[in-house]
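Taking it in order: structure first as structure tokens, then the write-up.
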């Protein structure tokens, strides 16, 4: 028979193990397995992800997990964030719901995940409730997706990666030069329509900044870069003469356009702001 002290110690150890099984996170990404439920197929595990981007991978899903996506720092602006997730095309074995105050709304069925399309929702819409689909054989089932927190321009659709189809104000253009994932000067070579978006082929004479390598150099003495930028189909962009200043964000490895004034118009705005000392950052325009 166990002594009172050993019995107490054993109960503490068991409680710690239960707590670890119910609450887990590594801040940015999470990888887990349904096999850890040890037969409790209706168990629900809490996952907390607090970075701007990361991934989730759930092997052999059983029961359910609740994924809480929140930024590291709390501020009034955080309520304007959208969460975008991109499932792997091999993702299967679960349905994904939005859980707001205990009310579930289907976001992605098991079949929807296989399309690999990006889906966005407002961060205030709740956590993700990911429920395993009952299976006789779970050995080949893996639910996996990437996620990013997106800060949209005012007026943007929180359920889309694209910026609103309206010209940026002078102030928005100047700020975009400082804060965008990519800033470049170039021309539009071609436009192709896709299912829910437009893909624009661009040739760049100046690449001021790119967060990741979405534009590639053509080599040679006359340095030029080429690549693609995405935007909403409703924007109705067409190939045309003249140079533009392209700014935007990189989402899931793709460049999405935000502000794109004609370069001569940007130059006028930038030079005026520079003379008045109101430009928020410097850009080499020579």
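Don't overthink the numbers, they just go from 1 along the chain as shown.
Glycine residues also receive a Cβ, built from the backbone N, Cα and C atoms like all the rest.
Annotated signal peptide per Swiss-Prot: 1-21, in sequence order, evidence recorded as sequence analysis. If you look up Swiss-Prot, you'll see 28-51, 84-120, 165-235, 168-259, 178-281 marked as disulfide bond, on the strength of sequence analysis.
Distance from the CA of residue 178 (disulfide bond) to the CA of residue 168 (disulfide bond) is 14 Å. Each residue contributes its Cα atom, and for residue 281 (disulfide bond) and residue 259 (disulfide bond) those atoms are 16 Å apart. The most crowded of the disulfide-bonded residues listed here (51, 165, 259) is 259, judged by how many other CB atoms sit within 10 Å of its own CB.
The Cβ neighbour count for residue 178 (disulfide bond), using a 10 Å radius and every protein chain shown, is 14.
DSSP gives residue 281 (disulfide bond) a coil state; it is part of no helix or strand. When Cβ neighbours within 10 Å are tallied across all protein chains shown, the highest count among the disulfide-bonded residues 120, 281 belongs to 120. Of all the disulfide-bonded residues listed (84, 168), 168 has the fewest other CB atoms within 10 A of its CB. Counting in whole angstrom, residue 120 (disulfide bond) lies 16 from residue 51 (disulfide bond) by their C-alpha atoms. Closest in space to residue 259 (disulfide bond), of the disulfide-bonded residues given as 28, 165, 178, 235, is 165, taking the CA atom of each residue. In this structure, 28 is the one among the disulfide-bonded residues 28, 235 with the smallest number of other Cβ atoms inside 10 Å of its Cβ. Secondary structure at residue 235 (disulfide bond), as computed by DSSP, is helix. Taken residue by residue with DSSP, residue 120 (disulfide bond) is part of a strand.
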